[in-house]
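These features come from Swiss-Prot:
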type	residues	note
TOPO_DOM	1-81	topological domain 'Extracellular'
CARBOHYD	ASN36	N-linked glycosylation site
CARBOHYD	ASN40	N-linked glycosylation site
TRANSMEM	82-102	transmembrane segment
TOPO_DOM	103-119	topological domain 'Cytoplasmic'
TRANSMEM	120-140	transmembrane segment
TOPO_DOM	141-156	topological domain 'Extracellular'
DISULFID	CYS155-CYS247	disulfide bond
TRANSMEM	157-177	transmembrane segment
TOPO_DOM	178-215	topological domain 'Cytoplasmic'
TRANSMEM	216-236	transmembrane segment
TOPO_DOM	237-270	topological domain 'Extracellular'
TRANSMEM	271-291	transmembrane segment
TOPO_DOM	292-329	topological domain 'Cytoplasmic'
TRANSMEM	330-350	transmembrane segment
TOPO_DOM	351-356	topological domain 'Extracellular'
TRANSMEM	357-377	transmembrane segment
TOPO_DOM	378-469	topological domain 'Cytoplasmic'
Amino acid sequence: MQMADAATIATMNKAAGGDKLAELFSLVPDLLEAANTSGNASLQLPDLWWELGLELPDGAPPGHPPGSGGAESADTEARVRILISVVYWVVCALGLAGNLLVLYLMKSMQGWRKSSINLFVTNLALTDFQFVLTLPFWAVENALDFKWPFGKAMCKIVSMVTSMNMYASVFFLTAMSVTRYHSVASALKSHRTRGHGRGDCCGRSLGDSCCFSAKALCVWIWALAALASLPSAIFSTTVKVMGEELCLVRFPDKLLGRDRQFWLGLYHSQKVLLGFVLPLGIIILCYLLLVRFIADRRAAGTKGGAAVAGGRPTGASARRLSKVTKSVTIVVLSFFLCWLPNQALTTWSILIKFNAVPFSQEYFLCQVYAFPVSVCLAHSNSCLNPVLYCLVRREFRKALKSLLWRIASPSITSMRPFTATTKPEHEDQGLQAPAPPHAAAEPDLLYYPPGVVVYSGGRYDLLPSSSAY
């Protein structure tokens, strides 16, 4: 890592003893590592820069870090820290509420028993729920100027849980994309398979082999996420930096003949490749193949004068293609936009650790100000996942409306969760509640509360949603 030229190093050696300076100088990679782990300690860098008395890259005299304005800069950094802490608490609250709601709906509707996709959604909600539980620790750390008050054991636990659930969340998103492609492609492959696991390889029986395969895949995903988080579990520790205790990942000075910089670069390379590049590539590939497959089936059905998807008109195929395209846009863009800034800055740090590019003032300022914002954006994906993968689906919106109405009006107990004109998606057909038995003749419109219509015969329906599709 190139932090100063030869003249700067000579000046520093005159100002301080070599051993003491070398010790302080060696802490810079640790602070950069902490910044690249979860946004921790990134704002401690100006203090260390000032403590070392480094000459600035632009030749300015030492005494203030790059871009620093003295007390004004300190106030700005304090405001940034407080803002980040508030964002962490907001993300934590929204993530807990959203993922708990998804878990409740899945359990009450037994959705995970009906579909491998829903099994992945349940595990994704559990993963994001565990992930947001770590945010209060990072929020407190930010508010305390990145001091770690929880001890060494909690440093290891929180770091490992954060890393493991980050990997697990990305892996489950990838598994859902692959499963969605397989399900839709299998349903459209031949009309002879109609009625035998259409769009849902699990069918309705827990004994089906595909359902067991989905469960086995979930176990493998959790195991792989735990394996990927082992470096955080092993090397996370508390380190004294200028009299303050910080929680960071610190590799030994020499490990298997390699220095600390090499292992830090390898650690972050794993994060970028295994936690972003490969999953994103698989997600994009699956959705591109899915869109192309549906388009080819539509073209073949139109050319042959036959229906697409086992007797369906080409108009239905066009609507399916439109929904898939919309799903592609939402899923890929949300994942890409939330994680790209964080992973781009991490990639920059990898190049510096491998001495491919020099340490610069621009990188320093990005680590101080931009990296914490990118971490917040990446963490917000845990709030978006419940919305993107559950609540935008029609049957879950209906179930949520039913739940809210039952809470608001407990006296109405015979309300149906779905309207007579709305069919649940094929993978959850078994979730529709049976209609209540026919009752005595009643007026056509007995009662009309907001959102509910009571028809003759004792049938209670929710009003159809204008946003349903």
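Just so it is clear, glycine is given a Cβ too, placed from its N, Cα and C backbone atoms.
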Residue counts (helix, strand, coil, in that order) that DSSP gives for the topological domain 'Extracellular' (141-156): 9 helix, 0 strand, 7 coil
Counts of helix, strand and coil residues, the topological domain 'Extracellular' (351-356), according to DSSP: 3 helix, 0 strand, 3 coil
Composition by DSSP (helix, strand, coil) of residues within the topological domain 'Extracellular' (237-270): 11 helix, 15 strand, 8 coil
Segment confidence, the topological domain 'Extracellular' (237-270), expressed as mean pLDDT: 83
Cβ-Cβ neighbours of CYS247 (disulfide bond) (radius 10 Å): 28
